[in-house]
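K.L.:
According to Swiss-Prot, the record shows the following:
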| type | residues | note |
| --- | --- | --- |
| TOPO_DOM | 1-13 | topological domain 'Cytoplasmic' |
| TRANSMEM | 14-34 | transmembrane segment |
| TOPO_DOM | 35-55 | topological domain 'Extracellular' |
| TRANSMEM | 56-76 | transmembrane segment |
| TOPO_DOM | 77-85 | topological domain 'Cytoplasmic' |
| TRANSMEM | 86-106 | transmembrane segment |
| TOPO_DOM | 107-203 | topological domain 'Extracellular' |
| CARBOHYD | Asn180 | N-linked glycosylation site |
| TRANSMEM | 204-224 | transmembrane segment |
| TOPO_DOM | 225-239 | topological domain 'Cytoplasmic' |
Amino acid sequence: MARGCLCCLKYTMFLFNLIFWLCGCGLLGVGIWLSVSQGNFATFSPSFPSLSAANLVIAIGTIVMVTGFLGCLGAIKENKCLLLSFFIVLLIILLAELILIILFFVYMDKVNENAKQDLKEGLLLYNTENNVGLKNAWNIIQAEMRCCGVTDYTDWYPVLGENTVPDRCCMENSQGCGRNSTTPLWRTGCYEKVKLWFDDNKHVLGTVGMCILIMQILGMAFSMTLFQHIHRTGKKYDA
């Protein structure tokens, strides 16, 4: 009976972590594809030049893939050392997430202010030779979200000149339209648009976050239960 429960728990955890590992592989693949296909598609922030969408997805994918592999191997080998390592890794990730969320809400006003300032400083690099990625990023977000600048369209004036904005700020985009002072522009800043997007999708984002939290807690519960079960039955596959 005990052995049957152990087998059931072992393969349940293996399948759970196999899905986890496959998700990590998928994220890693998407990150590599973004890095290769988008070239210098970079971050908006000059303070964190390596924090691009591609690098972020690659980092998350790698962490998920390694964690999933650790859980798969620990479960199928019934290795207490690997199971305990898997539990500790998930616990560290969970605590880091909670700390970041708490800090974000405690210092929300300061985060918003610093983010706006950093993004405005990034605008100064818009037309520089080595920052094609930043230029592409701004062009895409302004076209997709129908916004202009960080707080509003006037953020571009110190960068491109008085009454001059990127062409993607125009409601009807055409070559050179940003230099025409009579052209209708998107007047809302992109920072506000992004905040509105998060607010409109907060229920979906909350659901996704809750699913991730449940998966982490289940992973920790499975690993510790299997660890205790192996310990009680005297199964020894320790490295």
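For all residues, glycine too, the Cβ spot is worked out from N, Cα and C.
Each of these features: where is it, how hidden is it, and who are its neighbours?
P.N.:
For the topological domain 'Cytoplasmic' (1-13), the mean pLDDT of the prediction comes to 72.
Among residues of the same chain six or more beyond the transmembrane segment (14-34), those with a C-beta under 8 A of the stretch's C-beta atoms are 41, 53-72, 75-76, 86, 215, 218-219, 222.
Here the transmembrane segment (56-76) has Cβ contacts under 8 Å with residues 10-11, 13-14, 16-32, 34-35, 82-83, 85-86, 89-90, 93, 219, 222-223, 226 of the same chain, all six or more residues outside its ends.
Broken down by DSSP into helix, strand and coil, the topological domain 'Cytoplasmic' (77-85) contains 7 helix, 0 strand, 2 coil.
Panel annotation: around the transmembrane segment (86-106), residues 17, 63, 67, 70-71, 74, 213, 216-217, 219-220, 223-224, 227 of the same chain, lying at least six beyond its termini, place a Cβ under 8 Å from a Cβ of the stretch.
Across the topological domain 'Extracellular' (107-203), DSSP helix (H, G, I), strand (E, B) and coil residues number 57 helix, 4 strand, 36 coil.
Taking the Cβ of Asn180 (N-linked glycosylation site) as reference, no residue of its chain lies under 8 Å away while being at least six apart in sequence.
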